[in-house]
Amino acid sequence: MVRTQLQRARDGEITDAMERVAEREQVDPRYVREQVADGQAVIPANVHHDALDPMVIGREFATKVNANIGNSETTSDRSGELEKLHAAVHHGADTVMDLSTGDDLDAIREANVAHSPVPVGTVPIYEALTRVDGPADLTHERLLSVVEKQAEQGVDYVTLHAGVRMEHLPLTDDRTTGIVSRGGSILAQWMEENAMENPLYANFDDYCDVLVEHDVTVSLGDGLRPGSLADASDAAQYAELETLGELTAHAQDRGVQVMVEGPGHVPMDEIRENVERQQAVCDGAPFYVLGPLVTDVAPGYDHITSAIGATEAARHGAAMLCYVTPKEHLGLPEAEDVRDGLAAYRIAAHAADVANDRPGARDWDDALSEARYDFDWRRQFDLALDGDRARDYHDQTLPGDNYKDARFCSMCGVEFCSMRIDQDARAVADGEMTDEREHTDLAASDAAVVNRPPVGQHDTSRVPDLPADVDERTTVGDDADVDTDADAEVERGD
Ligand code: SF4
């Protein structure tokens, strides 16, 4: 019989996954066990996910980032999805959610799980809906069978919008943007047409039984999250949160690992209250937030509007950030959008970790700043969060190899390069001072792995080779080889 990480932690056991997580976070394994046992952290690790390199999600650990991938009924196939998975892992996703709603759902999901060193999440109601004519035709039995099948396929966590209840629906009537969660809107329609309570709520124990059987973590979805600033922090959102608090305790009592999803669109000045309220209501269960977007006026740039909110949320205790791409509200993201969204969110997560004084988090910044002041362009590119882009931008105007040793770039030009002027003024030209300066030793840093370059560091030794029809060159660019010694045994997630 499978015992979940939560059950084993409560029994006092330090599992292999906890040991591995402790190594990646640079903490004592006993601390990981305590956090999991208390429900303050989760290790999404389905027992059937052979390629997984375990990771932890919790407010006391480095902030994590999720990337959504998946096809729609109009776009992408299995090869395209594997390219997105490859790009997501390469660019630093700590987990991926397969939100496919188009063709070949099982083949895509099975391929994603087989090739993913990071936890894979899903929203099972999406698949369930593809099997019927409309939301009203869904049944508890069909939903449960989909959850069961996906658990057997090795999915590590599932979003269940079990907190949307009939009594909450009237609270959304006066909203500007109604119900914007796909799962929330499907379930609302089901409840209205069938005049019955949400089947995920009414039969929650049945789902818990399946989740425990495979150690699938539940991510309690926020089906009533606000879809605009106008609807943020309203009665519907907070009524659902109360139910999520109730379900958190219930699932944990049954041995299920739990995290809780959050908004959405929230003005900057309300984000802290949102996070602190979730932490209080859900007794510290990891908070997994989508953004939030801090303004509604910038479609095409919502990776930026939301990364601002995500930084604030993580600063105040959100444990994982679900990325948003520039295509949000506009279309299905392509591999390049995945890259842009992940860059924005790795920045948000790292900025929060620096501000929260996570051990060693600042070392990466210091090392890059030192390389910048030293005009060590190659090291600067190697250390950059997206070194390929940094190198490309630099080379657009100064492509020659000789410019990799130049004491200027094209931004200010040789005459006005302030760093060169400053060095000259301090009589430290020709590298005299920079050679002598003490440099940050990233190999000795006590930062969690996600706070050291390069991003996308996972043990990929159990990941099979990509199928021949997957063009990884279109997704990842050239590998930057950074020698941080401490990570020598860890391969890039590609
Ligand atoms: S030219 Fe300007 S931007 Fe470029 S390295 Fe010098 S100070 Fe920095």
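Just so you know, glycine gets a Cβ as well, placed from its N, Cα and C.
Take the substrate site that TrEMBL assigns to N68, M97, H161, S181, R182, G183, D222, G223, L224, R225, E261, Y288: the candidate from Y31, Y126, Y345 listed for it is Y126. Around the Cβ of H329 (Zn(2+) binding site), a 10 Å sphere holds 13 further Cβ atoms from the protein chains shown.
Here the candidates are the binding-site residues H329, C409, C412, C417. The one whose C-alpha lies nearest to that of Y288 (substrate binding site) is H329. With G223 (substrate binding site) as the anchor, the candidate binding-site residues are H265, H329, C409, C412, C417, and the one with the nearest CA is H265. In three-state terms derived from DSSP, C409 ([4Fe-4S] cluster binding site) belongs to neither a helical nor a strand segment and is classed as coil. In terms of C-alpha distance, the listed binding-site residues H265, H329, C409, C412, C417 place H329 closest to Y126 (substrate binding site). Rounded to a whole value, the Cα-Cα separation of N68 (substrate binding site) and C409 ([4Fe-4S] cluster binding site) is 36 Å.
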